[in-house]
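S.K.: Sequence annotations record features per position, and here Swiss-Prot assigns domain 'KARI N-terminal Rossmann' to 2-181. Residues or ranges marked as NADP(+) binding site by Swiss-Prot: Tyr25, Gly26, Ser27, Gln28, Arg48, Ser52, Asp82, Glu83, Met84, Gln85, Gly133. The active site feature in Swiss-Prot is assigned to His107; the stated evidence is sequence analysis. Residues or ranges marked as domain 'KARI C-terminal knotted' in Swiss-Prot (evidence: sequence analysis): 182-327. Positions annotated as Mg(2+) 2 binding site by Swiss-Prot, on the basis of sequence analysis: Asp190, Glu226, Glu230. Look at Swiss-Prot and you will find Asp190, Glu194 tagged as Mg(2+) 1 binding site. Under the heading substrate binding site, Swiss-Prot lists Ser251.
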Amino acid sequence: MAKVLYEKDIQDGVLKNKKIAVIGYGSQGHAHAMNLRDSGYDVVVGLRPGKSQEKAEEDGFNVLSVAEASSQADVVMVLLPDEMQPKVYEESIKDNLEQGNALVFAHGFNIHFTQVVPPANVDVFLVAPKGPGHLVRRTFEEGAGVPALYGVHQDYTGEAKDVALAYSKGIGAARAGVLETSFQEETETDLFGEQAVLCGGVTSLIKAGFETLTDAGYQPEVAYFECLHEMKLIVDLLYEGGLENMRYSISDTAQWGDFVSGQRVVDDQTKERMKSILDDIQTGSFAKGWILENQAGRPQFNAINRRENRHPIETVGRELRELMPFVKQPINAKKKDVNVHVPN
């Protein structure tokens, strides 16, 4: 059984006199920077000019270029999208690291797949909150926190684990519990969860259910409610108390259907395909494909994204959500094509 550490288990003195540079001010970046500052740490934010810089300055931070922030800091937390990190590291961080500094990530992708290769004379660790940035910030302000994983890739100073734990405590994660992992485990399990279950698996299941009902002549609006809209009700029950809580809360008819039909949808062949997905992740095949896709300007990514946004379930969903004012509207209901922009 994995050991979970809490605030009482962590000594944070090792981080108290260090300056922390948070590179990036998006969902995780703003939460880490604000929580660390509220915990009493000296925080500087590294960004290029733009809206994020304006927001960070409005929030009271000293905002510098990535290079300047990295050169001033003892601990450099990189909270940029995976695909941006290698170039930013090479151009703005690498030459500004000093002996004994700590290079930190919230996801192990670029270290594990050697897209970022740090010098041998720095510590390298990860602190990965298991929740979005807005939740990391909100729970911190409420006196709670979001659990996190931490792991050490390189321990030059002999203090990497202690600094990682202190950082976890600083962002509020130790209030909820921190669990030790490795860069390999965090990266491979995170990618698998996204692809096979949380994102790829769920979206494909929802679309297949919707298409099955509409192909059989049922109204698209009804199919939307049954296969997508009600998903939140079930997920909330799972989140609160696992499978048992969900099954306790639904009708006996629904539970019996779960027992006899669920295994017909996800069977041994599905599990074999999941193993194939995991193998692609473990061998680096997925990472290689994603890296090459970005280098080519994301032609497949953008084409698939446009096609998915035109799926009938999206059209029906947008129309129905306009009739439901109680449903929080998305910030960007129609995702635009994505190109990689690198900060200075």
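For all residues, glycine too, the Cβ spot is worked out from N, Cα and C.
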S.K.: The residue listed as 'substrate binding site': which of the binding-site residues Ser27, Asp82, Glu226 is the nearest Cα neighbour?
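M.R.: Out of the listed candidates, the nearest Cα belongs to Glu226.
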S.K.: Check the Cα-Cα distances from Asp190 (Mg(2+) 2 binding site) to the binding-site residues Arg48, Asp82, Gly133 and tell me which is shortest.
M.R.: Asp82
S.K.: Just to be sure I understand, if DSSP states are collapsed into helix, strand and coil, how many residues of the domain 'KARI C-terminal knotted' (182-327) fall in each?
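M.R.: Grouping H, G, I as helix and E, B as strand yields 123 helix, 0 strand, 23 coil.
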S.K.: Tell me, which recorded positions from His107, Glu194, Glu226, Glu230 are within 10 Å of Asp82 (NADP(+) binding site) if we use the C-alpha atoms?
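M.R.: Checking each Cα against Asp82 (NADP(+) binding site), the hits are His107.
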S.K.: Counting only other Cβ atoms and using a 10 Å cut-off, which of the recorded positions Arg48, His107 scores lowest?
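M.R.: Candidates: the recorded positions Arg48, His107. Fewest Cβ atoms within 10 Å: Arg48.
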S.K.: Three states by DSSP: which one describes Asp82 (NADP(+) binding site)?
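M.R.: It is coil.
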S.K.: Compute the C-alpha separation of Glu194 (Mg(2+) 1 binding site) from Gly133 (NADP(+) binding site), stating it in Å without decimals.
M.R.: 17
S.K.: Spatially speaking, which of the recorded positions His107, Glu226, Glu230 is closest to Met84 (NADP(+) binding site)? Use C-alpha to C-alpha, please.
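M.R.: Comparing Cα positions, the closest of these recorded positions turns out to be His107.
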S.K.: Looking at the recorded positions Tyr25, His107, Gly133, whose Cα is closest in space to that of Glu230 (Mg(2+) 2 binding site)?
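M.R.: With Cα distances computed to Glu230 (Mg(2+) 2 binding site), the winner among Tyr25, His107, Gly133 is Gly133.
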S.K.: For Glu194 (Mg(2+) 1 binding site), just count the other CB atoms lying within 10 A of its CB, please.
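M.R.: Result for Glu194 (Mg(2+) 1 binding site): 13 other Cβ atoms within 10 Å.
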S.K.: What mean pLDDT does the predicted model reach across the domain 'KARI N-terminal Rossmann' (2-181)?
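M.R.: Value for the domain 'KARI N-terminal Rossmann' (2-181), mean pLDDT as a whole number: 97.
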S.K.: Between the binding-site residues Asp82, Glu230, where is the Cβ count within 10 Å the lowest?
M.R.: Glu230
S.K.: Given a 10 Å Cβ-Cβ cut-off, pick out the one of the binding-site residues Ser27, Ser251 that has the most other Cβ atoms nearby.
M.R.: Ser27
